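The next block holds one structure in the form of structure tokens; read it before the comments.
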Amino acid sequence: MDLLESPIQKLYRSFLVPSLFSAVVTSVYGFVDMIAIGRGIGPKGTAAISIATPILGIISFFGILCGVGGSVYLGKARGEGAVEKSNAYFSASLFLVIVVTILAWVGFIVFSKPIYQFFGATENLMPYVQEYTNCIVWTMPFFILSAYLSNIVRSDGAPNKVMAAVMIGGVFNIFGDWYFVFPMRWGMFGAAFATVLGMIIQFTILCSHFLSKNCGLKIVKPFRMLRALRNILFTGFSSSTVSISLSILTVILNKQVMRYGGETALAVFGVAVTFFLLFQSLFAGVGQAIQPIVSTNFGAGFRQRIRQVDKLSLVTAFFMGAVFTLIGELFPLQTIRLFIDATPEILEITPKIFRIYFLSFLLMGVNIQSIYYFQSILKAKLATVLALLRGLLFSGILVYLLPLLWGLDGVWWGMGIAEFLVAFLLIPLRHTYKKNS
């Protein structure tokens with residue numbers, strides 16, 4: 001597939017469909033774990049998952065950081081016709097992800113319990129959190145490297161290989177969750193074990209790309225190593241911030257929900273976070289679909305093609321956001337019953353929580369697409385600022401301040417207002433860039 005010559009609509013679809021499919025199946029890991037644990041263990045299990053979720057986000061952060069940064073510069077170099085330079089960036093990103101993986105793995109193993117406590121694990125929930133998360137921490141390299149390889153392999157023109165890897169691993173995870181949690185009665189560990197085995201399968205399939213005749217990647221000696229590493233880290237930070245900021249924000253949300261609503265509200269929030277992860281993954285899938293197209297055409301100087309794919313992806317992201325918002329507005333009780341054997345207390349508070357919280361999805365897609373877009377045209381500073389404003393500053397401040405006025409409702413409203421503020425800022429930013437380009 002020719003990123004510089006193929007019709008934009010056809011090219012966009014060929015990357016979008018595998019990216020969205022991969023995002024759905026990746027999120028199935030969390031959905032199936034939540035359903036299995038909610039049905040097999042109960043509200044304490046789902047509350048523990050809401051604590052484990054941000055930890056998984058941080059683990060993904062390391063792989064996305066190296067993978068997206070490497071793939072953007074790899075694509076730009078190919079657009080310029082500099083094949084050796086693109087391989088040099090791939091090699092530098094591979095070296096970086098190996099070093100980061102080793103450091104992160106050791107750190108999480110040594111400081112696992114303090115990390116769980118920091119993310120909100122109480123004395124009652126700690127056994128559930130440890131049973132689930134320890135299994136994932138010990139196999140962390142597969143999670144980091146899979147996130148890294150998904151971006152690199154997609155940028156090498158093989159989005160279908162990424163989709164196949166995620167699909168096969170996800171299907172195994174679905175059946176593994178059922179088998180290990182119910183017939184085997186392994187509880188929280190069983191759900192985590194199924195997730196780990198699914199990720200190992202995904203990692204193995206992604207590695208097979210390097211044995212394919214269609215693989216255009218080669219390990220070479222990087223030139224200007226320090227500069228290459230700096231470029232990769234700086235460029236990859238904005239989109240990886242989408243992942244890690246959610247993790248940090250979830251810590252804040254967990255503590256605020258416990259403070260103003262208790263464990264019952266946290267159990268409902270655990271389900272809401274699972275949807276948040278799915279929808280954010282789908283929005284990120286739109287961004288990941290345009291990243292190879294935009295970065296390669298940016299390197300070649302084809303600005304009109306960039307504007308075309310940007311417009312297509314913005315429309316896609318907004319339409320998806322509208323559909324996702326309607327799910328929470330129209331079907332809150334049906335949705336919560338899919339995940340847990342809901343008590344009367346949970347059924348009483350769920351509709352209001354979902355109807356406020358799901359409003360945040362309306363503009364979220366536009367914001368996340370814009371972060372990936374600016375990153376792909378090497379506007380890394382702007383992309384990082386947008387990611388931090390959206391994921392931490394606006395949302396973090398509002399989640400702390402609004403509950404002082406509105407109690408628990410303020411926690412849910414903070415997310416939607418933060419997304420609106422970022423979207424409002426994007427209007428003049430996009431107008432300025434369009435005028436200058």
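Each Cβ is built from the backbone N, Cα and C atoms, and glycine gets one as well.
Sequence annotations record features per position, and here TrEMBL assigns transmembrane segment to 12-31 (among others).
Listed as Cβ neighbours of the transmembrane segment (51-75) (distance under 8 Å, sequence separation of 6 or more from its ends, same chain) are residues 3, 30, 86, 89-90, 92-94, 96-97, 100-101, 104, 108, 115-116, 119-121, 125, 129, 132-133, 136-137, 140, 143-152, 154-156, 228, 231-237, 239-240, 243-244, 246-251, 254, 270, 273-274, 277, 291-292, 295-296, 299, 375-376, 378. What TrEMBL lists as transmembrane segment is 51-75 (among others).
Feature annotation from TrEMBL assigns transmembrane segment to 87-111 (among others). Here the transmembrane segment (87-111) has Cβ contacts under 8 Å with residues 59, 62-63, 65-67, 69-71, 73-74, 77, 137-138, 140-141, 144-145, 148, 152, 217-223, 225, 228-229, 231-233 of the same chain, all six or more residues outside its ends.
Sequence annotations record features per position, and here TrEMBL assigns transmembrane segment to 131-150 (among others).
Marked as transmembrane segment by TrEMBL: 162-182 (among others).
The annotation transmembrane segment is assigned in TrEMBL to 188-211 (among others).
Here TrEMBL flags 232-253 (among others) as transmembrane segment.
For the transmembrane segment (265-286), the residues of the chain that approach it from at least six positions outside its boundaries are 16, 19-20, 22-24, 26-27, 30-31, 34, 38, 43-44, 46-47, 49-50, 53, 239, 242, 246, 250, 253-254, 257-258, 313, 316-317, 320-321, 324, 327-328, 335-336, 339-340, 346, 349-350, 353-354, 357-358, 361, 364-365, 368-369, 372, 408, judged by C-beta separation under 8 angstroms. The annotation transmembrane segment is assigned in TrEMBL to 265-286 (among others).
Residues annotated as transmembrane segment in TrEMBL: 312-333 (among others). Distant neighbours of the transmembrane segment (312-333): 8-9, 12, 16, 275, 279, 282-283, 286-287, 289-290, 342, 347, 350-351, 353-355, 357-359, 361-366, 368-369, 373; these residues of the same chain sit at least 6 beyond its ends, with a Cβ under 8 Å from one of its Cβ atoms.
The transmembrane segment annotation in TrEMBL covers 353-374 (among others).
The list of residues near the transmembrane segment (386-406) in space but at least 6 beyond its ends in sequence, with Cβ under 8 angstroms from a Cβ of it, reads 238-239, 241-242, 244-246, 248-249, 252-253, 256, 259-260, 367-368, 370-371, 374, 413-415, 417-419, 421-422, 425-426. Positions annotated as transmembrane segment by TrEMBL: 386-406 (among others).
With a cut-off of 8 Å between Cβ atoms, the residues of this chain six or more beyond the transmembrane segment (412-429) that come close are 353, 356-357, 359-360, 362-364, 366-367, 370, 382, 386, 389-390, 394-395, 398-399, 401-403, 406. Summarising the annotation, TrEMBL assigns transmembrane segment to 412-429 (among others).
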For the transmembrane segment (353-374), distant same-chain residues with Cβ under 8 A (at least six beyond the ends): 238-239, 242, 265, 268-269, 272, 275, 279-280, 282-284, 286-288, 290-291, 294, 310, 313-314, 316-318, 320-322, 324-325, 327-329, 332, 335-336, 380, 382-383, 386-387, 390, 409, 412-413, 415-416, 418-420, 422-423, 426, 430, 433
Stretch in 12-31, 131-150, 188-211, 232-253 most in contact with the transmembrane segment (162-182), if contact is a CB pair under 8 A: 188-211
Intrachain residues whose Cβ lies under 8 Å of the transmembrane segment (232-253), provided they are six or more past its termini: 50, 53-58, 60-62, 64-70, 72-73, 89, 92-93, 96, 118-120, 269, 273, 276-277, 280, 284, 287, 368, 371-372, 374-375, 378, 380, 383-384, 386-388, 390-392, 395-396, 399-400, 411
